[in-house]
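**Q** Sharing the features that TrEMBL gives for it:
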TRANSMEM  29-49  transmembrane segment
TRANSMEM  61-79  transmembrane segment
TRANSMEM  99-123  transmembrane segment
TRANSMEM  143-168  transmembrane segment
TRANSMEM  188-221  transmembrane segment
TRANSMEM  252-272  transmembrane segment
TRANSMEM  328-350  transmembrane segment
TRANSMEM  362-383  transmembrane segment
TRANSMEM  390-410  transmembrane segment
TRANSMEM  416-437  transmembrane segment
TRANSMEM  449-470  transmembrane segment
TRANSMEM  476-495  transmembrane segment
Amino acid sequence: MSASGTALPAAGGKAAARSGVAATARGGWWGFLGSAVSAVFGYVLVTLVTRALGAHGSGAVFTGVAVFTILSNTCKLGADTGLVRFVSRDVATGGGRQVGALLRTAVVPGAAVSTGAAALLFLSPSTATSLLPNLAPGDAVTLVRLFALFLPLATITLILLGATQGYGTVIPLVGVEQIGKPVLRVLIAVPVALLAPGVLSLAAAWLVPSLAGVLVAWHALRRCRRTGPRHPSEPDVAVPRHGFWAFAMPRAISSVFDISAVWVGVVLLSSLATSEEAGIYTAVGRVVIAATLLQLAIRLAVAPEISRLLAVDDIPQARHLYRVSTRWIVLFSWPLLVLLTSFPGTVLSLFGPEFEQGTDALVVLCVASAVNVGVGNAQTVLLMAGKSSWHLAVTGVAFTVQLTVGLLAVPRLGVLGAALSWGAATVVENLVAAALVRRHPGFTIIDSGYLTATFAGLCLTVPLVLPTRLLAGDTAVGLAVAITMGLCVFGISLWRFSTPLGVHELVGVLRERAT
């Protein structure tokens, strides 16, 4: 039996399991590095913008970022996720012969739709003034037009990176989206904030790295195709477009719901409350996303591996991989969420004293995020199993919950109302996704390893952090003491339960790379 309690086939199955887990671990380390860099530089950028422009100006910038992010993820039409699934399956079963046809099928529609959306934004001043009512009309129109110019580049970049991920590597995606762009944004924003701070100039600093991003993504994909498995004696073969878009189109809609969940609160606050509250909510959201960065890292790595295993009908190994990766997420994410829930004011004060108004919102979102990481990457499993229509239904219900609660709560509660709407949607989405994954392809997460991860990540952390919070208060000293005590106990638990937690597999990958 495996550590998860799943029976593994003998020789070949064990080798496949080790290969899948090792590939996920390697990708997870790269993803974690990228997510950490993205979180740090994202925090630095938010701090630069908020301190240079205040809550009002930063709210305008981040409203533009929100609309841009939602549109770029909408215009890719789900093609990036489609390429992750179809390229990985084609590489596993056909040597990559359909990749060229898949790229033509995916890129051309995305480029056309994003260009059309950019043109509509550019030619519709009323859209800009309605999105940014607290900004001067001329500045609002210029800001939205600036974002529109870069929309096709960002969309094509995401599609190309989805194809590279299908080859089983997360390095191009991590390098472009999680390291390259965040670092360049800060490097550009620092002199801008010092010499010419303004809404338009700092928005431009956020957008300019998109130029480099599309070039790097194109080069990385060429490299993957050149070095990946292939049958050179046979030309590219046609791909069934109906099958690709039957999967991608539901994902296109659900991806809108996914990204809107992160940013719709900013838009609602900017429209129904104030830009100041939108800026505070952006800072809160940045902290929550940073706390769940390991889940994102594992998701990037596990998606093509699960798709590959399901393509060859290796259900037991795919289940084992899902369970092991979920343990890693729970083990390392829950302690951080406990710390953030206990010391929200101290964490948010790093953005500035006015941002401490978001403490209640941060607590709400941390509790919801605990549910999110607790079910692992269930939604990724749904997608890689081909159930994009199920995923669409889940995200659609969650977005309806978020929008309904947001429209009711934001005018009355402001930042807290936006957090309640996002938190409610997060809980609904993840619990339903976990139930569907249990139905197909029959994956569950509860086993002895998961319970051990829960004990180490939650039951050992709360008894240490809670008394510290009660005695020292929500202060920097209390946070430092809680972190120190937590690290000591957490480290001992990792050493004691390394095998059932799957930690030895993570460490083993690092040792292999070092030798």
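First residue shown is number 1, and so on along the chain.
A Cβ is built for glycine as well, from the same backbone N, Cα and C atoms used for every other residue.
Keep in mind that what you see is a predicted model, and the values were worked out from it rather than measured.
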**Q** Does the transmembrane segment (188-221) reach the transmembrane segment (29-49) with at least 3 CB pairs under 8 A, where each pair is 6 or more residues apart?
**A** yes
**Q** Could you tell me what the rest of the chain brings near the transmembrane segment (449-470), counting residues at least six beyond its ends with Cβ under 8 Å?
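**A** Residues 3-5, 323-324, 326-328, 330-335, 338-339, 342-343, 478, 481-482, 485-486, 489-490, 493-494, 497, 500-502.
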**Q** Between the transmembrane segment (390-410) and the transmembrane segment (252-272), are there three or more C-beta pairs closer than 8 Å, counting only pairs 6 or more apart along the chain?
**A** yes
**Q** Per the definition of 3+ C-beta pairs under 8 A with sequence separation of 6 or more, do the transmembrane segment (476-495) and the transmembrane segment (328-350) touch?
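**A** Contact confirmed: at least 3 Cβ pairs fall under 8 Å.
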**Q** By Cβ distance under 8 Å, which residues at least 6 away from the ends of the transmembrane segment (99-123) in the same chain are close to it?
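**A** Cβ under 8 Å, 6 or more out: 71-72, 74-77, 79-80, 82-83, 86-87, 90-91, 144-145, 147-149, 151-152, 154-156, 159-160, 162-163, 166, 221, 225, 228, 236-239, 241, 244-245, 248.
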